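Input: a single structure, listed below in structure tokens.
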Amino acid sequence: MGTVVDATNKGNGSLAIEKKVKVVFVLGGPGSGKGTQCANIVEHFGYTHLSAGDLLRAEIKSGSENGTMIQNMIKEGKIVPSEVTVKLLQRAMEESENDKFLIDGFPRNEENRAAFENVTGIVPEFVLFFDCSEEEMEKRLLSRNQGREDDNIDTIRKRFKVFVDSSLPVIEYYASKEKVRKIDAAKPIGEVFEAVKAIFAPVHEKILILRRGCINNSLTMFKAIQAKPTTKAGCLDVRTAPAIPT
């Protein structure tokens, strides 16, 4: 776990607030289904879902000085500085009563990643990577009826290229630190979530599952032994007894 300090309060005389939080980055190409799975994780495991894009749009809508600056940068075709986005994420974590967060679609590039770790001091627990072929993602994006302007073949392929060029290096960075949990996102939604649950299930639940498996195996073996023929003395006939696994 990392400690997050509200850097947005620094420099204005406010007391910086600290709390320990658990952060999971969620990455995947457009159409990989990460949004759907984030909703499932929130429902089943109690995380708070944060989207960098949603936070930027909300800040613009608020009419704040910061929001106006973000809006002007976007209008001028400029990239919003990583530190601005990171501080919005940081503020959202501080204002939340939760201490577990899914950060969706971020970091988009190495600059984002470095800024997040430098500003917040947080290292993610892991990166949940929804791996899906471009062919499958393209099919999904073209078939969905959301009326999105960017759901046409040319812009979709540009988005794929941006993801490969910018976000894959982030995934490779965390993979080198053994922090990537890759999910086959080409499968049906239910099967994908089963794989996700295996990653998020608490350790004690995994232990219970293993114990149940051992008990079931023992019961199966006991029933098999009882079903085998015995000698007149009531002892197990070793010639027909099942082998006991070692």
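Just so it is clear, glycine is given a Cβ too, placed from its N, Cα and C backbone atoms.
According to TrEMBL, the protein has these features:
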type    : residues                                                                   : note
BINDING : Gly31, Ser32, Gly33, Lys34, Gly35, Thr36, Arg144, Lys187                   : ATP binding site
BINDING : Arg57, Lys78, Ile79, Val80, Gly105, Phe106, Pro107, Arg108, Arg148, Arg159 : ribonucleoside 5'-phosphate binding site
BINDING : Asn112                                                                     : CMP binding site
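Here the Cβ of Lys187 (ATP binding site) has 15 other Cβ atoms within 10 Å, regardless of which shown protein chain they belong to. Within the same chain, residues at least 6 positions away in sequence whose Cβ sits under 8 Å from that of Ser32 (ATP binding site) are Phe130, Asp131, Cys132, Met137, Ala185. Proximity of Ile79 (ribonucleoside 5'-phosphate binding site) to non-local residues of its own chain (separation of 6 or more, Cβ distance below 8 Å) is seen for Met73, given in sequence order. The distance from the Cα of Gly33 (ATP binding site) to the Cα of Arg57 (ribonucleoside 5'-phosphate binding site) comes to 21 Å. The binding-site residues listed here are Thr36, Asn112; among them, Asn112 has the most other Cβ atoms within 10 Å of its own Cβ. When the binding-site residues Lys34, Arg57, Arg144 are compared by the number of other C-beta atoms lying within 10 angstroms of their own C-beta, Arg144 comes out lowest. In this structure, Gly35 is the one among the binding-site residues Gly33, Gly35, Pro107 with the smallest number of other Cβ atoms inside 10 Å of its Cβ. Taking Cβ-Cβ distances under 8 Å and a sequence gap of 6 or more within the same chain, the neighbours of Gly105 (ribonucleoside 5'-phosphate binding site) are Val26, Leu27, Lys34, Ser51, Ala52, Gly53.
A distance of 25 Å separates the Cα atom of Pro107 (ribonucleoside 5'-phosphate binding site) from that of Lys187 (ATP binding site).
Reported as a whole number, the C-alpha separation between Lys187 (ATP binding site) and the residue listed as 'CMP binding site' equals 30 Å.
Largest Cα to Cα distance within the recorded ATP binders Gly31, Ser32, Gly33, Lys34, Gly35, Thr36, Arg144, Lys187: about 17 Å as a whole number.
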